[in-house]
Every structure is written in structure tokens, then in C-alpha cells.
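Working notes, beginning with the structure itself.
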Amino acid sequence: MMNRFFLRLVLLFLLLTSLLALSPMQRKDGDLRPTSVSGDGKILRRAKRGWMWNQFYLMEEYTASEYQYVGKLHSNMDRGDGTVRYILTGEGAGTIFQIDEKSGDLHATKKLDREEKAFYTLRVKAVSTRTNRSLEPETEFVIKIHDINDNEPKFSKAIYTASVPEMSSVGTSVLEVTAMDADDASYGNSAKLVYSILQGQPYFSVEPDTGWIKIALPDMDREVREQYQVVIQAKDMAGQMGGLSGTTTVNISLTDVNDSPPRFSYSSYQLSALESAQIGSVVGRIKAKDGDEGENADMEYDIVDGDGRDIFSIYTDRITQEGVVTLKKKLDYEQQRVYTVKVEVCNTNVDPRFLSFGPFKDTATVKILTQDVDEPPVFSQSQYVIEVQEDTLKGMVIGRVTAWDPDSTHHPVKYSIDKHTNRDRFFHIDVSDGSITALQSLDRESSKWHNISVLATEINNPQQMSRAPVLIKVLDVNDNAPEFAMYYETFVCENVKAGQLIQTISATDMDEPLDGHKFMFSLSFSNPNFTVLDNEDNTARILTRRSGFNRHELSAYYLPVVISDNDYPAQTSTSTLTIRVCGCDRSGNMRSCSVEALVLPAGLSTGALVAVLLCIILLLMIVVLFSALKKQRRKKTLIMSKEDVRDNVVSYNDEGGGEEDTQAFDIGTLRHPETMESSKQRRDIIPEMLFSYHRPSGICEHLNVNRLSSFYFSFFYVLDQTSYQFYYFFSPNIQNVLRVLY
């Protein structure tokens, strides 16, 4: 009711204003002329061609049943006789606005909204009804829409989200909210907004003019309450009664600050650990509580006191913020069963603004119990090294290992050697006392080290077993005699002079004395031809004692050289050096060491090489020929036997039964011819009328080996007289080959 009443008052005011503005210009006869008063009191009149208006005003959202009257359009050319017709054009002409062509009355036919369009521009002209011509130029006018408060304020967002640190001071700005009103801000208070808070007090407040939301309550703690919902209202008409309003919701979160110190839930904790636990294994976890979150809740644990400070350590699990207690040293139930440590926890990130909320650390006592475990035997050493001479007798004790049960029960222990490390059974260990003996002789030259594993097992619980490596080093004993370091091919020239060096020799020894090798060289007995000169650097020189050697008299000399070492016990050996006598040139270069070299020339000519090649080819042909003949002879003999036995009937005219007849056939062969013994040769008489086979005379029967050899040698001699040397090389071999083939 109030809005409608107010709307009517505004409309009445506008109409009165329009009438007052037009009344001085209106004449009784309807002619639109401006009037004025002169200084002497006369009324002056001036005729005006044109229109007496330029704008009209309308109320928006007019809801009456009749059309809203805008105004009257009138030209001074209109005499009221109906000869003038008004024509309206422009925005909304004919649709929104209609004009009475005769009277010029203008009406609005539709409800108008200023927020959609604030004004309309139209044109009007007066034309003669008789000539249909314009009586005066077309003129333009504007219809403005008067605003009314018909739009409520609207916020830019339906829901806002904001955050502010906890413990913020009063007046701290949180967020600015903004609302817009579509009404005309230049006219009245329709668009003048005032902000207020409907929900969220007493924690927050809002600035009425700006919309800034601020902290209204001190010491707001996130750990107490984290989320707040605030409802803000924006109202037009400067917040007065009757104004329109809009609301929005603001969700405000308190962000964390480090205002809560860490605290243990209990003053003491109890953990337990097996004495067999490995170093670095986790014993247990403890956790302190911190109301903060994120990096403000990061904590650091440390062991600050207690008898287990050197046995245990603690670190922080960054994911769960727990203190993880780990083992730093091995536990022994028999030595200590209970440990106590004092653990301190503190924040890693402390905000200086909240130091008064501290202290930001806490302590707790942790008691750790050691649990007994049946442990395997323990060796006195983690590894044993035993040194033994390689000449140690069988059955001698070379070393000992010791192990015991570390438990309080002290069960007895037995010893053994892992068979996989003692496959050759070099060693044996006493089951009860752990003494190790050698079962075989040891040879350092065969193996310098023997690595075995000794096992110690509890007698009452064989599953409890320990292992220790035993490294046995075989020490060297001088049990090998020195010998030549290599095989020497030594020769002496026939024209050598006395005192000339013909060979330098050295020695080697499989032993390895601590001070190194020292060899001495000498002759086993005095030699008139050669002598040995020791260089005292493990080498010696062989020198001639005379000049002139003849290989025809003696082609080689055998020189026994005695080599001794200086170790204990001293070892000596005699090695024989073979010295061949060779022919040399004047410069001492060896040319030949064979006796046959005196007969044969130094090399073969081209003709001799061709002869050698032909001889080889001929020998191959002879071998092939002999093989073919032998194969054919065996084949013919086998056919003869089968025909004689099975297919031929032979008539004999001889009387009596001689040895030839009784042994001619074998009745067993007739039944089983394939089993005929090769050692029995039949001597059947084959009539020539039945068989035309004649045994060819073999080449080898007429072959004279000596003549064939002489032919070869004569042939080679003719080719090249120098090839006569071939006889000395090949004559024995050719004769042997021919005899074998024959």
C-alpha cells in the first residue's frame, strides 16, 4: 500500500510540474505563442514557427488500465479547423507510443522499464490534410522514463569464500563484498545501498558503506572452531524502511598459526625389544599431539637423557609425526635387561608472536625392556688366520677355535667343519675343544691358502649354529731344487776361440724364500772343453776353454751344470746343457750343425724342385694303382668262390682220394657260405673250358725297387746335376714306401 501511494504522489507531482511549465504558453484560442511583458506594462507577443516543447516525462512500471497520458503536441499552424494532421515517427512510434492525428494527444500504450531503456527519441510533423504537405519542418523530442525503486540490490556472487589467520586482532579485514542496484543512482535513493550483517555476529562485522567484512572478536582459535558462515545484506533507499534488499553468504575459514605447543599424551611409555634385534631395527613409536596443522605441527624428537642414550636413537616420521625409536647397538639380555631414556619433542617452526603460548616442547620417559632370546654360539673371533709350515706332519694340531653359548643357560657347544669347504679332507677339528689338525701333507706350491668354515652348534638345540671362516696359510719350506729357467739351444762354432761366451743361463725355483732367490752355478766335475762363470745375479755364463771343435769327431757335448740355492735346507740339482758343434762363417754366424751338410749343397735349384714335384705326383699315382689292383683281386676271388661252391659241377678223372680232394670243399661252407674262413684257401682245379678268367700278372711281381729308385735318381740327375743330393734325402723313404705298397 505504501509503495502504491508513493507512486501516485510522484506521478501527481510530475503532472503538476508539466502543467505549470505549459500554462504560460497556452492561449485560450489554442495558438502557441511566447508572451512577455514590456517595461511599460504592455504585453509583447512574437509569433513562433515551430514546436513549443522538446521533452516529456513518464513514470516507469505504470500499471493502470487506461493508457498513460504523455502530453499534447500542438503546432501554431493548427487553427483547430481540422486541416492539420500530426504524424509521429521514431523509437516506439505506433507500438509503444500513439498520437491522436487531429488533437496531437500522445499516450503510452505499454508498461515501460527504465532499466531496459531510459529514454525514447521521436519525431513529429504537422501536415495539411488537404495537400498532405508539411506545414513546417519536422521536429524531434525526447520522452524520458522517470525511475522508481523497482530493483533490489544484487551481489556479484551468491556465495563468497574467504580465510583469515586465527588469533587475528579485532578490525582485521577479511573480504569486501559488493552489490549493484539497477535503479538510477542519480535520482533519489533508489540505488543508494547500505550493508549490514544478518548472521555471523559477534565474530564478524561489516562496513555499512563499503561492504568490508572485518574481525569483531579477539582470540578466535582455529582449534576451537574453524568454519564460520556470515550472511550480509545490501539495502537500497539508504537503508530506510521500504527499501529493497539482497543478501549473500560468506564462508570464512580460520587458517592455522603455530599457537599450540606439542604435548605427550602420557608422561611415560614402555617398549620392548628382542636381544637378537639387528642394529637399525625399529623398537617402537611414540607420538605427541599438536593442535596445529601443516608445517606448524612439524615436530622433532630427541633423546636427551637416560642410560639407554647410547643404545637407542629416535627420529621423526615426517608423514605421521611420530617418534620412531631404533636400535643403535646390540642388546644383551644377560648384561642389562631394562633401559630408560628421556625423550623431548619440540616444534620445528615457532612463531615469535605466540611465544607466550609456550613453551613449545614437552618431555616423556620411555622404558625399554630387553627380551631374552636363545642365541647361537659366539666365536671368540669373527675370522681366524692360521699359519702352518708346508712340511707339517700329518695329525699335528695347527690351530684352535673357541665358541660359547652367550645365553644364561650356557649350553655346551660342539665343533665341525663345513664339508663343502673341506672336500679334499685336508683338515679335521675336534668336536669338543675346537682344535684343528692336518690330515694330509700340505704343499705350498700346490695351494698357498686353504679356506674352511668352522661350525659351532649348541648340543641341546642344533638349530642354534654359528659359522666362522678359518684361513689357513701354508708357509714356504725350501723343498724344491732350482733348475734351468728354460730350454737352451746352445751351439759352438768349429772355429771358436778359447774363452768365448756361447750361452748365458739362469735358473728358477718354485719356492719363495723371504729374502729372495740366490742361485749358484758350477760344474759337477772339471771339463776340458767348457767352463761356467757365475755372474752372482742368478745367471751364469758358459765359456769355451779351448779353441777348435770338429763336428765330424763329436757333434754334441753334454755339460752337467750344478745349481744350488742359499735357503735352508739347501737344495741342489744338476741340469745338463746340450752343446751342438756347428759350422759357422768367419763372423761366427751358424750355417749348419748336421754332418750331412758337408755333402749337400746349400739349396736346390729350380730343376731340382721340379723333379721333386714330379716324384711326388708319380708316387701318388703308384699308390692309387696298387690300391685299385688289390681291390679288384679281392672282388674276383669272392665271385670265384661263390660260383665254385654253388653253381659249378666239376668232373674229376683222378682215382683215389688225396689230400687235395679231401680238403677241397667244406660241407659247412656249402650250408653257410657267408661264414667261410678266410684262412682256408681252396685249391680247386678250374677247367679252362668253363672259365676264361686269367689272373693278370701283378706289376709288383716284376718291380725291382732298387731299379726304380735308380731310375728316379738318374732322372733327377739329368734334370739338374745339383739334384743328386735328393738321393740322400729321399732314397731311404722311397724304398720304404715301395716295400710297404708291395
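Any Cβ shown, glycine's included, is placed from N, Cα and C.
Per TrEMBL, these features apply:
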DOMAIN    75-155  domain 'Cadherin'
DOMAIN    156-264  domain 'Cadherin'
DOMAIN    265-379  domain 'Cadherin'
DOMAIN    380-484  domain 'Cadherin'
DOMAIN    484-603  domain 'Cadherin'
SIGNAL    1-21  signal peptide
TRANSMEM  598-626  transmembrane segment
Quiz prompt | Number of helical, extended and coil residues in the domain 'Cadherin' (265-379), per DSSP | solution = 10 helix, 57 strand, 48 coil
Self-check item: DSSP helix/strand/coil residue counts for the domain 'Cadherin' (380-484)
Solution: 3 helix, 47 strand, 55 coil
Quiz item: Taking DSSP states H, G and I as helix and E and B as strand, how many residues of the domain 'Cadherin' (75-155) are helix, strand and coil?
Solution: 0 helix, 36 strand, 45 coil
